[in-house]
Amino acid sequence: MTGLLFKKIPYTFQDPSLLDNRAFVGGKWINSIERKAFPVYDPEDNQEICKVADLSREDVRTAIDAARSAFKSFKKTSHRDRRWMIRRWADLLRANKEDLAAICTLELGKPYTESLATVKYGTDFLYWFEGEIERVYGETIPAARENNRIFTIKEPQGVVAAITPWNSPIAMVTRKVGAAIAAGNTVVCKPAPETPLCAIAVAKLFERSGGPPGVLNIVPCSAENTAEVGAELCSNKLVRHLSFTGSTAVGKHLNAECAKSMKKTSMELGGNAPFIVFEDANIKRAVDGLISSKFRSSGQTCVCANRIFIQSSIINTFASVLETRLAETFTYGSVWDPKVNYGPLYSPKAFEKLTCQIQDAVSKGGKLLGKDVGEAQAHYGPNFYPPTIITGATTDMLFMKQETFGPLAFLIPFQTEEEVIALANDTDAGLASYFYTEDIGRLWRVSEALEAGMIGVRVGLVSACEQPFGGVKESGIGREGGSGALDEYLIVKSITVGL
Ligand code: NAP
C-alpha cells in the first residue's frame, strides 16, 4: 500500500512515486491555488481511493501561460531530438507497465490483465509518433508566375488543449498528447475526473524522459470545475487547437465555443456502431468478433457494437452460439486476479443508463438472456453488470438512437442487404461499423455503403496506432493515429520566393 491511498489494494507498486495526486504545471508538481481536492473512487466497490488536486480556471490559465512560454523554445527543437525524447518516454511506459496497469485497474476497475494490454496499446502510439516525426515533409511546387518559386513547410501550431475521457485513461492521453508534442507543440491536458491518476503517472514518465518544463501540463479538475476549466481552454487565445474525446453533446458545445476564437478542433465523439451478420457468414467467427467488439471493457468503448443486425434465417442459431460462447469466454471475480477478464462499469451512473435501456426494451417485447443482475451485483460488486443478450429487439427501442456504453447486446433481425444498410446508416453517428460475410462482392459493396470512419470486415477490433482512427457525421472531425497523425497538429505554411 502507498501513502497516498485511502484503501488497501492487493498490489505492491515497484515505484510508488508514480502514484501522485498533484497537477503538473510548468514542470512543477502543484496543488490548486485554492488548495482544493476532489475524490477519486474505485469502481469495484465505490470506495474512495484518494483525493486529487482540483484545479480552477485561474490555475489552468497559468498552465496555458506556461505552455505558451515553453513553446517559444520547444518549437525550435530538432525533429531528431524530439524523436529520442518520445522514444525515451515510450520506453519508460513500457518499463513501468505493471505499475501503470495497476493505476488503471484501481481507478477504472479494469481487470489487471486487460489493463496491461491497454498500457501496451497506449505506449504503441508513442512509438508510432516517434517514427512519424522523421516523415514530416514540405513540398516544392511549380510556380505559374515567372521567376517565382513556391515551397511549403510544416510548423507546430502552438499550445494544444486536450480533454480526455475516462474509458481509456492512458491511450486517450498518449494518442493526443504524444502526437501534438511529436509535432513540436506544447500541451495542456485535462483528464476525466474519474481517472486522473493515469494521466498524472504518464506525465511523471514524461518528466523523466527529459521533457522540458511546460511542454506537457496536466490539469486535473473535479466535475464541478469542468465547465469553467473547459471555458478557459476554449476561449483562451493562446490555445490554438482543442483536441477532445468524449460524447457528441459535449463535443458540439466545445466546438461551438472554440469557433469564437477560430481554434482548430479535433473531435473524437460518440459512436452507435452497427454490427451486421449476413446468413453466408461463419457464425462462430462472427460470434467471437461480436464478443470482442461488444463486451470488451464491459461494453464501454466508443467503437463497441451497439445495434446488432442478424439475418433472420440465422438469428436463433446465432443467439444460442453467442450465449454458449459468452459463458466460456468470461471469468468474473476480483479485478486484481490475473484470470479475470471482465470488470464492473466505471460508475453508478453508467448502471442507471443500462437499466433505462433494459426497461424500455422489455416494455416493447424484448427478452433477456444472461445472469440475474441483482445476484451478479451481490457477488461481484455494486457496479457489476453481466453480459446480457436481448432477443426480439426492435427498431423503436431506445438503444437504436442512444449509445449504450455497456454490456447489452440487442439482436435485431433483418431480411435483405438493402434493408440492413438503410438501418445501419439511420443514425447521426458514424464512428465504427462491422459486418460478417463470406461473399467477396458483398464485402466491397457493404464496405462502401456504410457511413462510418472505420469498418471492420470479419474483425471485431478496429483500432491500432498505425491506423487512422476517427468518425464521420456527428462522431467527429479529424483522425488520430495513422500516417496523418502529426498533420492533425501541424500548420502548412507556403513560402513564395521571387528570384
Ligand atoms: P463526456 O461526458 O463528453 O466527457 C468527456 C470529457 O469531457 C471528460 O473529461 C469530461 O469531464 C469533459 N467535459 C464534459 N463537459 C465539459 C465541458 N463543458 N468543458 C470541458 N470538458 C468537459 O464523455 P464520457 O461519458 O466521459 O465518455 C464517453 C463518451 O466518449 C462516449 O460517447 C464515447 O463514445 C466517447 N468516446 C469517443 C472516442 C472516440 O475516439 N471517438 C473514444 C472514447 C470515448 P467531466 O467528467 O468532468 O464532465
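Cβ atoms here come from the backbone N, Cα and C positions, even for glycine.
Taken from TrEMBL, the feature active site applies to GLU268. Look at TrEMBL and you will find 29-495 tagged as domain 'Aldehyde dehydrogenase'.
Sequence-distant neighbours of the residue listed as 'active site' (same chain, 6+ residues apart, CB-CB distance under 8 A): SER243, PHE244, THR245, GLY246, CYS302, PHE469, GLY470, GLY471, SER475, GLY476, GLY478, GLU480.
DSSP gives the residue listed as 'active site' a strand state.
Across the domain 'Aldehyde dehydrogenase' (29-495), mean pLDDT in this model comes to 97.
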